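Please read the structure below before turning to the comments.
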């Protein structure tokens, strides 16, 4: 209480004067019990105090805070106060090698991240066997982006751009929806340099601490060479000595503009590896950790390459052997055919098989004819223009050409006085000197049908 009174004597004086002004008949001022004089404020100040309420300090036991007795058990940690859940607590009996092996199995076989794998182990009270048996019973939440996933996404985006189908080939455990969602969050918060570039820059800054001096020289390019001394320039520099800050600002502005240009066209100035080659942070760190590490890694890669070549050669040998077997054919795998004697085929009618039902009799003329598909197509009515017999055709080409006064041979002599035709009709000889009937009088219905 004395401390509060020491801090605000003016406040106490104002409150007392306000209370005393209402009771005293003078209203202008009065003497207090302590003997000090208190002057009343104008009415405007009193009205402002009335608006904000009574500002006086309240004294008494009813206005003091009640502090309970000290209880050491009440300050213990409770889960209800924080609302969080403990997911991992290290245990001294588990060696680090065994723990790393458990985490690797959980990540590679079951898709857990490190936090989920350790949470499962802590749930089973650091029993690795029970945790490994219980890992397949749960599906981990796949929307977690580890550092490896982020680096792979940056590499894939630098190679393929916004082709999320190609990016998914490098991140097969991520869906296209999750890739698009991460792309927009990464686009807003990303810096123009990738994680690998930042890590390489940190390592370079640790080894080379002279980069800051180079930056200072770039920021002040006019403070460079002593050999480029020019008295006129020096006089101008002395005349403009009152503006050193502006020149430095201009230089910094140019650098910022160049950096902005580099940020907007960062893809052009990047040195990309060839297609099919990818860099990872672990490999770069492993190569740069010691001078002999690069040779050992290259030897391991050579051994892996040789083993892969051997596998390819073995596959080629197996394929060539299979091709040779295929060229031999499948004759040896065919089942043997039954050697049954076959009856000779006859063109005549086959003997009728004994049957109880009577079979219709087929004329012999139709059996001796060829099948319908092999029969020649003949016109329905006999043709008026017939070909001459073969003897007459041969005689036409064998006999010598007649002279002008020699009559034609009797075989091709026309029956009437009409000029000779190119294809004369054959002369049919009949028994008894009877003339053959004309072609018009032949009845086609009496002839058997060839069809």
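Even glycines carry a Cβ here, placed using N, Cα and C.
Values in this document were obtained by computation on a predicted structure and should not be read as measured data.
In Swiss-Prot this protein carries:
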DOMAIN    55-139  domain 'ELM2'
DOMAIN    140-191  domain 'SANT'
MOD_RES   212  phosphoserine
MOD_RES   227  phosphoserine
COMPBIAS  261-273  compositional bias 'Basic residues'
COILED    293-329  coiled coil
(request) Sort out the residues at least 6 away from either end of the coiled coil (293-329), same chain, that have Cβ-Cβ distances under 8 Å to it, and list them. (result) 283, 286-287
(message) Per DSSP, what is the helix/strand/coil residue tally across the domain 'SANT' (140-191)?
(response) 35 helix, 0 strand, 17 coil
(request) Tally the residues of the domain 'ELM2' (55-139) by DSSP class, grouping H, G and I as helix, E and B as strand, and everything else as coil. (result) 46 helix, 0 strand, 39 coil
